[in-house]
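Beneath this line is the structure, given in structure tokens, with notes to follow.
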Amino acid sequence: MDRIIEKLDHGWWVVSHEQKLWLPKGELPYGEAANFDLVGQRALQIGEWQGEPVWLVQLQRRHDMGSVRQVIDLDVGLFQLAGRGVQLAEFYRSHKYCGYCGHEMYPSKTEWAMLCSHCRERYYPQIAPCIIVAIRRDDSILLAQHTRHRNGVHTVLAGFVEVGETLEQAVAREVMEESGIKVKNLRYVTSQPWPFPQSLMTAFMAEYDSGEIVIDPKELLEANWYRYDDLPLLPPPGTVARRLIEDTVAMCRAEYE
């Protein structure tokens, strides 16, 4: 439940509006509310980091509003809390009125949900499940440059899970659609909440089975097999894509060195 911010309130401040994050001096604000001119605003505690509260403030600042990507180098736990705040702020902003009856809604006091004051419908933050997979063939890994990544970064394949589809089916479909190959021996690795805008990445490793690379030009600029010790520009540390690549490289080193 949110409340009015008081002078001595302190902690981490996730100040967010329209999927943007307030980053004075390029950093996530930390300290007393008075130092950031937040006294009198409303805040919702969304977690704790190293014993300090993390607050969500739904507010637009005139300056220094940036992307949560700018704080990806934070400790994983704090980055995830910042992402949670951005997603919750957008959820509350976009659910002011009921999609069924059009009446005004209000936030639940017991959970992250919005309740309709008329028909009693209950809405929760939307989460979009995605798969991301590292595909290995002998001493090489399949890496691709996506159309949305025109900075030379090469990464593993990924995509959204469709309605009525299992995660395993999503991997097989996305890999075939984007690269034209089949995979086998699929293994779950980890997951990562990814607030761009509201994804949950489920990460897998797989082995090449058959087929030749035929890219989908709507999704990829190019794709190729890269030997583990001769890789192109990779995604930044802290991303699940980077972890998958590094795990694959470690497996190759263990076998080929």
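Every residue gets a Cβ built from N, Cα and C, even glycine.
If you check Swiss-Prot, you get these features:
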BINDING   Lys25, Arg69, Glu111, Tyr124, Gln192, Pro193, Trp194, Pro195, Phe196, Pro197, Gln198, Ser199, Ala241  substrate binding site
BINDING   Cys98, Cys101, Cys116, Cys119  Zn(2+) binding site
DOMAIN    125-248  domain 'Nudix hydrolase'
BINDING   Ala158, Glu178, Glu219  divalent metal cation 1 binding site
MOTIF     159-180  motif 'Nudix box'
BINDING   Glu174, Glu178, Glu219  divalent metal cation 3 binding site
BINDING   Glu174  divalent metal cation 2 binding site
Handout entry: Tally of DSSP helical, extended and coil residues in the domain 'Nudix hydrolase' (125-248)
Key = 22 helix, 55 strand, 47 coil
Practice task
Check the Cα-Cα distances from Glu219 (divalent metal cation 1 binding site) to the binding-site residues Cys101, Glu111, Ala241 and tell me which is shortest.
Solution key: Ala241
Exercise for the section: Would you please pick out, from the binding-site residues Glu111, Glu174, Glu178, Glu219, the one with the fewest other Cβ atoms within 10 Å of its Cβ? Expected result: Glu111
Practice task
Provide, as an integer number of angstrom, the distance between the C-alpha atoms of Cys119 (Zn(2+) binding site) and Ala158 (divalent metal cation 1 binding site).
Solution key: 39
Fill in the blank from the handout: Residues sitting within 8 A of the centre of the Cys98, Cys101, Cys116, Cys119 CB atoms (Zn(2+) site), not counting those, run Gly99, Tyr100, Gly102, His103, Met105, Ser117, His118, Arg120, Glu121
Problem - Whole-number Å value for how far Ala158 (divalent metal cation 1 binding site) lies from Ala241 (substrate binding site) (Cα to Cα) - result: 9
Problem - Inter-residue Cα distance where the pair is Ala158 (divalent metal cation 1 binding site) and Gln198 (substrate binding site), in Å - result: 15
Exercise for the section: Going by Cα-Cα distance, pick out whichever of the binding-site residues Cys98, Cys101, Ala158, Glu174, Glu178 is nearest to Glu111 (substrate binding site). Expected result: Cys98
Exercise for the section: Have a look at the binding-site residues Cys98, Ala158, Glu174 and say which one has the shortest Cα distance to Lys25 (substrate binding site). Expected result: Ala158
Handout entry: Nearest of the binding-site residues (Cys101, Cys116, Ala158, Glu174, Glu178) to Phe196 (substrate binding site), judged by Cα-Cα distance
Key = Ala158
Completion exercise
Sparsest Cβ environment (other Cβ within 10 Å) among binding-site residues Gln192, Gln198 belongs to Gln198
